[in-house]
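Novice: Let me give you the structure first, and then I'll get to my questions.
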């Protein structure tokens with residue numbers, strides 16, 4: 001430690017000599033709102049305390065200067081800082097355009113200020129739109145930028161703004177190890193990154209010893225006790241304003257029902273903030289006996305309020321960052337802070353779409369006490385930042401250098417690479433055959449390989465790997481770039497983990513099988529796995545009749561009966577990945593036995609296996625063959641023989657087919673009454689034989705409100721392979737699956 005301190009002093013001395021012995025570092029700190037000032041103030045105090053090294057200029061802009069948000073510039077004056085410049089930059093409005101205009105107004109006004117100040121370095125905090133204007137102005141005017149809290153991840157447009165400021169900034173002060181790694185991954189120079197912790201923690205970790213009861217009583221009333229009140233702070237999410245306003249309304253309803261004293265702070269200046277204030281007033285929050293609604297609380301007092309609260313609720317970064325220092329329970333609502341590192345005190349309610357969910361979260365969290373978290377700092381950030389500032393050599397070139405990772409081969413000028421077709425490896429595991437195909441983005445099967453499906457797990461997996469490796473090698477020759485592997489298989493599948501949970505009886509030794517890991521390890525490609533019925537539905541959604549349809553159902557009529565359900569453009573898997581087992585809808589209580597062990601399932605009537613069973617019965621009784629039909633002695637009776645006999649006038653065969661079509665039609669009617677899709681797609685080899693029977697049953701049995709449904713036969717030649725391919729192509733190109 002002594003060695004490090006001596007080394008640091010020597011470096012500072014060398015920097016001072018380089019910069020000129022009498023030159024002080026002129027630092028401009030620009031603050032836009034109450035939140036960023038809480039992080040910048042400790043640094044400003046530190047700079048002010050060392051006048052032999054620094055000159056401080058303070059620029060105030062943004063919501064600091066708006067009465068609706070408490071005229072918070074006054075707290076800067078109360079902290080005894082001289083404000084060099086006040087810039088009115090907020091354009092009043094309630095939509096995204098007002099934010100853009102505010103950035104534009106700041107860009108117009110800032111150049112004159114920076115020309116007059118001529119700072120050596122500007123300190124910019126965070127991810128607000130005002131901060132983007134500051135960083136842009138400074139970068140274009142060749143002023144060095146120190147960015148505080150870069151590299152973090154949240155869940156809104158703030159991410160994009162934060163990372164844009166990172167690219168403009170010359171120096172970075174981050175709060176967590178993860179943020180540091182993110183900055184390095186964004187090609188920032190490691191030597192210009194300081195892992196200091198959050199400056200506000202320097203004040204937070206020494207705050208609890210102060211007198212707090214007078215502060216609590218001042219803001220919440222004389223009769224309030226510690227741990228018996230709530231602090232609420234919620235901001236609009238600018239990428240989904242309507243939903244965030246609805247969520248705020250539900251939050252207020254839940255807080256009213258919870259019936260505890262609550263301090264509600266006004267939201268940030270963002271698109272949608274005025275509407276949120278209107279919601280507060282519509283519900284009478286400002287006059288409700290249990291609520292105190294305020295525009296601003298000084299940071300020193302705010303610390304005491306959250307430190308001794310029973311709970312904090314909302315979507316402010318303060319809840320997931322600063323409040324952890326006290327172990328106060330936090331309920332984080334919605335997606336605004338998705339990606340933030342949090343302590344165990346934070347309960348996330350990502351989909352806060354009902355009052356009951358929020359109320360339940362309040363019941364779970366209120367009054368608890370968690371261990372204090374130091375994820376974002378240890379209370380020593382400011383000394384580190386001041387040392388970092390002193391180490392800056394102004395004689396170093398201003399132009400940033402990015403540390404790009406090495407690239408093995410530069411193939412950007414290779415015409416074959418430019419013309420490569422984005423493709424997927426599709427695998428279809430059927431009861432009889434194992435097929436692998438190279439499928440292009442347009443649904444063209446470029447090349448297909450077929451082998452008999454082995455009976456044992458080891459042989460099957462070995463063959464899959466062998467065929468996939470062969471197809472991946474061939475892809476180079478046919479100019480296809482493989483993006484990943486999609487696997488369609490029978491049985492119940494966990495698509496999140498890539499595991500076959502339970503197989504059908506048609507595929508043996510195929511339960512609790514991890515397909516993703518061995519195939520991904522062998523091919524070094526991402527792997528997706530899903531049930532064959534779901535894959536058929538995905539194929540229709542991407543390439544077939546389901547393209548652009550919001551709600552539809554696909555039924556596969558083959559060896560068995562399967563299917564997939566697409567609702568609101570998304571595939572339904574169900575809570576235990578058992579959704580859309582449509583072949584096992586029961587249409588008769590005393591029907592034939594199904595392979596699943598039940599009786600009267602659609603599959604027991606209308607599958608290829610069921611038709612083959614009935615064909616064998618007729619054949620054994622010499623009632624199958626009619627004039628125009630013939631069979632060899634060794635030929636196996638199949639469903640095809642039953643269909644042929646019906647076409648040639650065999651009344652018994654025709655009756656069996658009509659019964660099968662009726663059973664399938666009754667199943668479809670049940671689906672219509674449950675899911676109410678606008679389209680039913682019949683897929684598989686038997687689809688064309690059943691379509692008219694299904695339509696007839698719908699006309700006879702369905703409610704009038706669903707009779708308008710379209711029932712069509714799939715026009716896809718190979719839905720299983722195309723569906724497996726779409727698992728890959730949809731995810732890797734559009735990120736929707």
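First residue shown is number 1, and so on along the chain.
Backbone N, Cα and C atoms are what each Cβ position is placed from, and that goes for glycine too.
Automatic, uncurated: that is what TrEMBL annotation is.
Quick paste of what TrEMBL says about this protein:
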DOMAIN    53-390  domain 'UDP-N-acetylglucosamine 2-epimerase'
BINDING   492, 504, 532, 581, 584, 603  N-acyl-D-mannosamine binding site
ACT_SITE  532  active site
BINDING   584, 594, 596, 601  Zn(2+) binding site
Novice: Is it possible to get the count of other C-beta atoms within 10 angstroms of the C-beta of residue 596 (Zn(2+) binding site)?
Specialist: 15
Novice: Does anything in the same chain, at least 6 positions from residue 532 (N-acyl-D-mannosamine binding site), have a Cβ under 8 Å from its Cβ, and if so what?
Specialist: 428, 429, 430, 488, 489, 490, 556, 562, 720, 723
Novice: Please report how many Å separate the Cα atom of residue 596 (Zn(2+) binding site) from that of residue 603 (N-acyl-D-mannosamine binding site), as a whole number.
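Specialist: For residue 596 (Zn(2+) binding site) versus residue 603 (N-acyl-D-mannosamine binding site), the Cα atoms are 9 Å apart.
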Novice: Cα-Cα, whole number of Å: residue 581 (N-acyl-D-mannosamine binding site) versus residue 601 (Zn(2+) binding site)?
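Specialist: So the alpha carbons of residue 581 (N-acyl-D-mannosamine binding site) and residue 601 (Zn(2+) binding site) sit roughly 11 Å from each other.
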Novice: Look at each of the binding-site residues, 594, 601, and point out the one with the fewest other Cβ atoms around it within 10 Å.
Specialist: 594
Novice: Report, in whole Å, the straight Cα-to-Cα distance of residue 594 (Zn(2+) binding site) from residue 504 (N-acyl-D-mannosamine binding site).
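Specialist: Residue 594 (Zn(2+) binding site) has its Cα 12 Å from the Cα of residue 504 (N-acyl-D-mannosamine binding site).
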Novice: Give me the count of other Cβ atoms within 10 A of the Cβ belonging to residue 492 (N-acyl-D-mannosamine binding site).
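Specialist: So the number of other Cβ atoms within 10 Å of residue 492 (N-acyl-D-mannosamine binding site) is 20.
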Novice: I need the neighbours of the Zn(2+) site defined by 584, 594, 596, 601. Which other residues of that chain put their C-beta within 8 angstroms of the C-beta centroid, in sequence order?
Specialist: 583, 586, 595, 597, 598, 602, 603, 604
Novice: Which residue among the binding-site residues 504, 581, 584, 603 has the fewest other Cβ atoms within 10 Å of its Cβ, if you could check?
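Specialist: Output over binding-site residues 504, 581, 584, 603: least Cβ neighbours within 10 Å is 581.
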